[in-house]
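Reviewing the structure listed below.
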Amino acid sequence: MNRWYAVGALVVVGAVLYLTRGILLPFVAGMALSYFLDPLTDRLEARGLARGVAAAFVIGFFSLVFVGILVALAPTILSQFERLIAVLPETLAGLRPWLNETIADLSARFGFSIAAEAESVLGTYGGEILARARDAVLGLLQSGLALFNLLSLMLITPVVAFYLLRDWDHMIARLDSWLPVEQAAAIRQIFRDIDSALSGFVRGQIIVCLCMAVLYGTGWTLIGLNFALILGLVAGVLAFVPFLGALTASVLALTMGVAQWGLDPLKLVLVFLIHVIVQNIEGSFLTPRLVGSRVGLHPVWVLFAVFAGGEVMGLVGVLIAVPLAAAIAVFVRFAVGQYQSVNVVTASSSPADEASAQTPVSSSGKAEGGGS
């Protein structure tokens, strides 16, 4: 009966989270922030500070650093966004002759008209494409939650993080007291493994993404690529998604390079060279040092988790996808380990059981044929 109560509670919690997914962003961000800042708060508490004071100091320091970085970078980023919006029509118009020439060359080489094929495809599926695009835009406009989420992320997240951080140890102790005595040790081990996976992968990967954003932005700025800071930030965020993130970052940078310099081979090679250098730094130094190989999250599993989370819960789903994938991976490894241990015990005990079952026993309780 207790199992059915637990299953019912999980279903109810999942339904509530799904129905309120539009306002979850600041709460999920606050919970993640409190989790990642808990070790630092514990260290300050061990040095004699009260838990509430330590939590307030950590959140205040983190908020000041975040605001300082935002104030320092915001003018440059906003000006680059304004320039991007202003030059985008001209950039697209400049790309059109090159694109037409490329299409003509490909059509002559392969013996068919790419333009005619494109017109045929648009004639067949154009209505559906426009309808889907219109629905997507209308859904975005009608949601009305983008500005609310941004403001709540800035204002509510630190408050949520402070209260969770202040009461973190108390909440963990309360949850631990609810564990069934028989399974308490196994459940604690599972959550220790989850904590290890989260601290090893998520914390490390966030630092890796920040480092890559700085490296991309700095490198592309040095070679004079327009909107280098924006491209660096996008590349750093996309670095959380294996393979696809690196591919998208390189395509965006090369596209901007073509729009700025045309088909200048030296400039485009420099853009791509920056990408290759950053990827090598990430693969040979950042990820091995900051993430390590002890997490056991396959890149394909991470990729699937990010897309599935985005499909089910939007931005909130993307944010919680990797931690949830790490937790599920721990549960799967635990279940497989339990299954294998049961099989090993069964296999090792079966011959002895068969031998004891086949040995005749006398009325005195001793096996026949034995010693005196």
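Every residue, even glycine, has its Cβ placed from backbone N, Cα and C.
Remember, TrEMBL labels are computer predictions, not curated facts.
Annotation comment: TrEMBL describes 6-37 (among others) as transmembrane segment.
Marked as transmembrane segment by TrEMBL: 49-74 (among others).
The transmembrane segment feature in TrEMBL is assigned to 145-165 (among others).
If you look up TrEMBL, you'll see 201-223 (among others) marked as transmembrane segment.
Under the heading transmembrane segment, TrEMBL lists 229-254 (among others).
Remote same-chain partners of the transmembrane segment (261-281), defined as residues 6 or more beyond its termini with a Cβ less than 8 Å from a stretch Cβ, comprise 98, 212, 215-216, 219-220, 223, 225, 235, 246, 249-250, 253-254. According to TrEMBL, the feature transmembrane segment maps to 261-281 (among others).
Within its own chain, the transmembrane segment (301-332) is flanked in space by residues 17-18, 21-22, 24-25, 28-29, 32, 149, 190, 193-194, 197-198, 201-202, 205, 240-244, 295, which lie at least six positions past its ends and keep a Cβ under 8 Å from the stretch. Annotation source TrEMBL lists transmembrane segment at 301-332 (among others).
Here TrEMBL flags 349-372 as region 'Disordered'.
Look at TrEMBL and you will find 349-365 tagged as compositional bias 'Polar residues'.
For the transmembrane segment (229-254), same-chain residues at least 6 beyond its ends with a Cβ under 8 Å from one of its own Cβ atoms are 73, 76-77, 80-81, 84, 205, 208-210, 212-218, 220-221, 268, 271-272, 274-275, 278-279, 282, 299-300, 302-303, 306, 322.
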